[in-house]
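Engineer: Before anything else, here's the structure in question.
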Amino acid sequence: MLLLALLAFLLVSRTIARPSYSMVDDTTPEPEEPPAKYQISKADVFPVLPGEPLDLRCPLADGPLVTWTKDGAKLEVNNRTLIVRTYLQIKESTTRDSGLYACSVLKNSHFFHVNVTEASSSGDDEDDNDGSEDFTNDNNNIRAPYWTNTEKMEKKLHAVSAANTVKLRCPAREPHPSNEWLKNGKEFKQEHRIGGYKVRNQHWSLIMESVVPSDKGIYTCIVENEHGSINHTYHLDVIERSSHRPILQAGLPANTTAVVGGDAEFVCKVYSDAQPHIRWVRYIEKNGSRFGVDGLPYFKVLKAAGVNVTDEEIEVLYVRNVSFEDAGEYTCIAGNSIGISQHSAWLTVHPAPVNPLEDNPVPYYMEIGIYSTGIFIIFCMVVVCVVCRMRQGAKKKKNFTGPPVHKLTKRIPLHRQVTVSADSSSSMNSTTPLVRITTRLLNSTDAMPLANVSEYELPHDPMWEFSRDKLTLGKPLGEGCFGQVVMAEALGIDKERPKESVTVAVKMLKDNATEKDLADLVSEMEMMKMIGKHKNIINLLGACTQGGTLYVIVEYAAKGNLRQYLRARRPLEMEYSFDVTRVPDEQMTFKDLVSCTYQIARGMEYLASQKCIHRDLAARNVLVTENNVMKIADFGLARDVNNIDYYKKTSNGRLPVKWMAPEALFDRVYTHQSDVWSFGVLMWEIFTLGGSPYPGIPVEELFKLLKEGHRMDKPANCTNELYMMMRDCWHAIPSHRPTFKQLVEDLDRILTLTTNEEYLDLSAPLEQYSPSFPDSSCSASSSSGDDSVFSPDPMPHDPCLPKFQHVNGVVKT
């Protein structure tokens with residue numbers, strides 16, 4: 001009895017000591033909750049934006065066991081949640097991640113109240129609950145959808161700057177409606193824009209983050225149910241700006257799984273107006289911690305941009321021969337002068353599948369027997385072949401008593417040109433390979449008694465040799481007197497994609513080519529090998545040198561040369577054909593022309609760094625790829641050209657006098673600075689959309705004008721700053737001309753400050769452009785006849801000679 005009384009006393013005292021938690025009505029007690037629920041007032045409050053990472057660091061002392069919980073449930077590590085002792089990170093947080101988080105060490109706990117809320121970006125989100133509240137309707141009151149807040153839908157035109165977040169809303173109600181968005185009258189899918197978009201059905205909203213000019217358009221919201229349909233339209237205009245950090249494509253890099261010994265690949269697509277710096281890093285641990293004393297994480301740089309690394313190469317990270325130590329997080333970081341962006345992905349490594357033969361290995365004595373038998377069989381076959389050849393040789397000596405046949409074999413040794421000048425920029429110090437064809441006389445008594453035969457032996461280079469069986473030749477792209485270029489498909493020429501076919505261009509000789517033509521083609525191939533690869537030059541992909549005709553495989557440019565490319569995009573107002581049926585290609589903006597100039601300058605800067613002098617830089621020798629990338633071509637050619645429209649015939653061959661610097665024209669001295677002069681003429685071609693330099697001027701008159709200091713006028717669609725850059729390139733003293741490095745820096749600055757909205761001025765005088773119809777009235781003024789380097793460019797009812805400005809400012813016609 002005494003024990004029962006003591007037990008009753010303890011129960012009563014515990015009930016009295018327990019605090020009471022109730023709602024407003026004190027007669028209805030609340031069920032008891034875990035103690036952690038009553039410490040929310042002491043928790044740290046963490047507001048987080050959706051999509052941003054959630055980082056929590058436990059202030060408690062680091063003990064042997066740290067436990068993280070959310071709303072009382074223990075958190076586990078997964079592809080979004082990372083737990084490293086007292087550090088918790090949740091990537092790309094969502095509203096479902098809101099709640100009460102706690103870290104516990106022994107008997108101590110610390111709480112975090114996390115609230116993931118949507119940021120107000122467009123100024124109209126005062127009430128995000130429009131149309132999202134619960135309601136009940138009788139079956140008799142069911143009707144078609146209707147708008148609940150038309151005031152917030154009155155603003156139909158939204159004009160925002162690039163890289164901002166846009167939120168379009170159409171709040172509606174009625175039971176079971178469906179919400180659909182269209183862009184320009186077509187279904188709007190996630191893959192239609194970089195980074196995708198978000199649709200919040202409970203708030204009737206469409207959210208697009210980091211908008212770009214391609215997001216411009218008409219967006220239609222359609223709300224419907226079985227009783228009817230309503231729609232509302234917004235017009236979105238995105239104003240491009242260059243001041244934003246790099247944009248990384250959503251979903252890249254993606255999580256990857258690999259087996260031990262295999263390979264893994266991560267891809268990171270970066271979009272940036274300013275030149276971005278990209279690198280791949282992997283976060284590591286030191287002394288059991290991922291963070292240093294300064295709070296910054298430890299990391300190891302796996303891959304970074306360099307001089308010889310193209311943008312396509314840096315955007316892909318390959319992990320070869322994967323091991324368990326390679327498992328973990330890999331991060332792509334892209335930065336520019338505005339800011340830094342980064343995306344991460346995880347590599348999961350699984351053990352390699354077990355080979356069933358390893359469970360039952362073949363005894364070593366059986367292997368020895370197999371190898372011995374094979375070696376014996378091979379030895380017997382070799383002996384039989386040798387005996388047969390000896391018998392056949394003896395028979396031929398008995399049956400044939402005629403004179404021996406001499407076989408001429410021509411070999412092509414390659415030598416590097418020796419430096420003979422102290423000036424490192426002169427043409428006498430270039431690294432052009434010298435190709436000589438030597439003849440070797442062989443005696444052969446086994447051949448039939450035919451006439452002498454000439455053969456060519458090209459040195460085998462395994463690094464560049466490509467199998468002819470994997471090359472499929474296509475249609476011709478162009479040809480000269482002794483050579484031609486054809487389109488082809490090369491299977492597996494890209495070592496990163498060995499099973500895919502790539503469209504390439506193949507250079508080859510015609511049947512009537514001479515030994516000098518062969519030597520020139522070999523010299524060009526060797527020059528491209530030495531120079532290496534760059535984004536803005538035509539790169540060598542491979543060569544077929546053995547077992548047939550010499551094939552030199554280079555990159556293919558789908559849009560032809562730059563001169564044709566610019567002329568095809570001239571507005572109709574600039575043409576003289578007055579062909580109303582002709583539809584020009586897309587109109588080019590001022591920024592497009594500056595971009596072309598900048599890319600060519602980058603390519604020439606790289607060639608100059610490799611001590612390569614082009615000698616024939618012009619728009620016709622710049623090719624344009626499918627993605628509008630400028631690539632300099634023919635930088636390894638021997639300069640013995642044959643083009644009557646652009647070259648003056650002299651005793652020394654044919655020279656591109658329109659583009660040549662005075663020291664090259666009169667003294668035959670070629671340097672990097674003479675290439676800078678040609679670059680200035682190329683700039684003039686670009687800003688006249690493919691115009692002919694010095695139109696209608698005879699050769700003899702041009703020589704006189706250049707010596708007197710005359711220069712071409714400023715093109716109509718060219719700023720004063722760019723024209724002064726041309727004039728600097730045309731300075732009479734070579735050392736006073738800018739270097740390509742300086743030109744790249746100036747053009748990069750101009751390109752950064754230029755917007756896409758600056759279209760060409762169509763009201764400018766047309767005398768800067770060459771007409772599209774054949775020469776007529778001015779042809780008689782050219783005293784050079786068919787050998788003239790100029791195609792006279794007559795203007796309707798205008799004089800044939802344009803104005804030229806003297807260096808002292810005097811204008812002469």
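Glycine residues also receive a Cβ, built from the backbone N, Cα and C atoms like all the rest.
Source: prediction; values computed, not measured.
Quick paste of what Swiss-Prot says about this protein:
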type	residues	note
COMPBIAS	123-136	compositional bias 'Acidic residues'
DOMAIN	246-348	domain 'Ig-like C2-type 3'
CARBOHYD	Asn79	N-linked glycosylation site
CARBOHYD	Asn115	N-linked glycosylation site
CARBOHYD	Asn231	N-linked glycosylation site
CARBOHYD	Asn255	N-linked glycosylation site
CARBOHYD	Asn287	N-linked glycosylation site
CARBOHYD	Asn308	N-linked glycosylation site
CARBOHYD	Asn321	N-linked glycosylation site
SIGNAL	1-14	signal peptide
TOPO_DOM	18-367	topological domain 'Extracellular'
TRANSMEM	368-388	transmembrane segment
Engineer: What counts of helix, strand and coil residues does DSSP assign across the domain 'Ig-like C2-type 3' (246-348)?
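Structural biologist: The breakdown for the domain 'Ig-like C2-type 3' (246-348) reads 7 helix, 50 strand, 46 coil.
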Engineer: Cα distance, Asn231 (N-linked glycosylation site) to Asn79 (N-linked glycosylation site), nearest Å?
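Structural biologist: Spelling it out, the Cα of Asn79 (N-linked glycosylation site) and the Cα of Asn231 (N-linked glycosylation site) are 39 Å apart.
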Engineer: Measuring Cα to Cα, how many angstrom lie between Asn255 (N-linked glycosylation site) and Asn321 (N-linked glycosylation site)?
Structural biologist: 18
Engineer: Around Asn255 (N-linked glycosylation site), how many other C-beta atoms are within 10 angstroms of its C-beta?
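Structural biologist: For Asn255 (N-linked glycosylation site), the count of other Cβ atoms within 10 Å is 14.
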Engineer: Fewest other C-beta atoms within 10 angstroms of its own C-beta: which of the glycosylation sites Asn79, Asn115, Asn231, Asn287, Asn321 fits that?
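Structural biologist: Comparing Cβ neighbours within 10 Å for the glycosylation sites Asn79, Asn115, Asn231, Asn287, Asn321, Asn287 has the fewest.
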Engineer: Give the nonlocal contacts of the transmembrane segment (368-388) in its own chain as ranges (CB under 8 Å, at least six residues past its ends).
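Structural biologist: Residues: none.
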Engineer: Measuring Cα to Cα, how many angstrom lie between Asn287 (N-linked glycosylation site) and Asn321 (N-linked glycosylation site)?
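Structural biologist: Here the two Cα atoms lie 27 Å apart.
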Engineer: Does DSSP give Asn79 (N-linked glycosylation site) helix, strand or coil?
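Structural biologist: DSSP assigns Asn79 (N-linked glycosylation site) to coil.
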Engineer: In whole Å, how far is Asn321 (N-linked glycosylation site) from Asn115 (N-linked glycosylation site) when you measure between their Cα atoms?
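Structural biologist: So the Cα of Asn321 (N-linked glycosylation site) lies 43 Å away from that of Asn115 (N-linked glycosylation site).
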Engineer: Quick one: Cα separation, Asn321 (N-linked glycosylation site) versus Asn231 (N-linked glycosylation site), in Å?
Structural biologist: 55
Engineer: Averaged over the domain 'Ig-like C2-type 3' (246-348), what pLDDT does the prediction give?
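Structural biologist: When the pLDDT values over the domain 'Ig-like C2-type 3' (246-348) are averaged, the result is 85.
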